[in-house]
Amino acid sequence: MIHITLPDGSQREFAGPVTVAEVAASIGSGLAKAALAGKIGDKVVDTSYQITQDSPLSIVTAKDADGLEVIRHSTAHLLAYAVKELFPDAQVTIGPVIENGFYYDFSYKRPFTPEDLAAIEKRMAELAAKDEPVVRRVLPRDEAVAYFKGLGEHYKAEIIASIPTNEDVSLYREGGFEDLCRGPHVPSTGKLKFFKLMKVAGAYWRGDHRNEMLQRIYGTAWATKEELQEYLHMLEEAEKRDHRKLGRELDLFHIDEHSPGTVFWHPKGWTLWQEVEQYMRRVYRDNGYQEVKGPQILDKTLWEKTGHWDKYRDNMFTTESEKRDYALKPMNCPGHILIFKQGIKSYRDLPLRYGEFGQCHRNEPTGGLHGIMRVRGFTQDDGHIFCTEDHILAECTAYTALLQKVYKDFGFHNIIYKVATRPEARIGSDESWDKAEHALMESLRASGCEFEIAPGDGAFYGPKIEYTLKDAIGRQWQCGTMQVDFSMPERLDAEYVGEDGGRHRPVMLHRAIVGSLERFIGILIEEHAGALPVWLAPVQVAVLNITDAQQDYCREIAAKLQKALPNQGLRVVTDLRNEKITYKIREHSLQKLPYILVAGDKEKAAGAVAVRARGNKDLGVMSLDAFVDLIAQDIASKV
């Protein structure tokens, strides 16, 4: 007898080997129809998988995350099936699942057109409607190589040839198409109903620019029509909010071909940058951080000690001078340890907090660059806390509360918390890891945060908390980090004198709240769709005249506004052009300014202004003092 244990703890008995589909059918016809796969322990398997011994089993449906993964994986194969039907000369390569969808790479004699994409999607729907069974078979490696060579699928043959000789490989067939795959897959193509092809892009075979350029077709697939529509709507919103588009329209920045992956900030964009940086500088100052500044170029011997030269060199920009090798720093932490090591440190000096707006460089591949979100040169709000193990809990608790306030001030209220715990390969004692992991989790509990645990996802040198923002359209951005590090102080020989008079290693806490300032500003632009809160807006007020008779009055208003707030002048522009007032209002509205002040003869005579708020809201005529009170309140409340 074979005993199958279901998720609710109940058991079912079977006389002999039984498939996942048969177990589902024994539970109910509805579940049998909905079943996409099965999960035995942590392994997801086909519904045709035969269970030969007592096992725990859950039936995977479209409602499960694993079910969505199977749908997307199978839809990638459906895409390849449709392409081969329409373009028999195309060669298939690989087609993995990615975030929110999938892609498949093809080799073909000409580029696929938008019309081709529409035809492929239509053919996919037709093939899905046939509800053809998806059938798995296993071949010895060499036989599989010969099989795909015989089909003219040389890329597939190359992939299989790289597999060890003694391994078998699995193939999946649907209708007239068969593909190499580990699986699992849906039981039939009829399970694939809600998908859309998104775009075609270029991709090098095996990611190597020396190889042939392939065509990558991207698609998305979902469990329900509603989820697909929600996702497509989110993409439409994301396109409207695209920071690259808004950066051009609002004249904030540009990326230039002469320096790919680095940002040219225009005056308005640099004003925004300065506001973010000065805010974070106040955060440093008000929370016990000492701001420091380290060099950007450091000798390779330092990077050898930290392990970066061995493990990370391909991502570093290197140079040579006077027969010495140097690298542009990809991170700030080694420099902070060098500062810590200057002079003798006592246990009384701990915790010692350093903060730096450190410019870093990483040699990201060109294909991975994305506006100001993914760049090669970036600045971090990088902080490092040198402390003892006993300090970790208090430091992490204070940091989480601080991070929550910062995110709230920038308009983010939905934060996801994750604790990444010890991997199998690690340094440090189990006792130290126990203490550090407990401190991280307790710090989140003390801050009232619900969190998930990511077992084994910590770095080899310590556990960490990841803080992820959820934006206005549901996208997630991992920005903040609190990383415990037992390793780098050891590697770079950092010490302090303990209460016992002996030498001890400090624990190092790496922390960043916004992370890359470039990326965070990109997130801010997209979160607010370019309509930045008043306190961040590069231009807060535009003063417009109706006729030339109000020019001097408008200049006077602007001058008063620029001096209106103590320690903070308002950012004001005047528009005195001889243009229709409706034209000028529209132009400044498109720049998403928080306020537009209009002055005609009546306003000039009354010593007042007509106020228009963003969103075409007419607030009527008010005195300049009343307007200053209004905008001061906006700035103070960070709206």
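Yeah, the Cβs are placed from backbone N, Cα and C, and that goes for glycine too.
Since we're looking at a predicted model, the values are computed, not measured.
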Identity of the Zn(2+)-site residue among His266, His384, His391 (reference: Cys333, His510, source: Swiss-Prot): His384
Shell list (Zn(2+); ref centroid = CB of Cys333, His384, His510; cutoff 8 A): Met331, Asn332, His336, Asp382, Gly383, Gln483, Asp485, Met488, Met508, Leu509, Arg511
Model confidence over the region 'Catalytic' (242-533) (mean pLDDT, whole number): 94
Residue, out of the binding-site residues His384, His510, whose Cβ gathers the largest set of other Cβ atoms within 10 Å: His384
Residues near Cys333 (Zn(2+) binding site) in space but at least six apart in sequence (CB under 8 A): Thr306, Asp382, His384, Asp485, Met488, Met508, His510
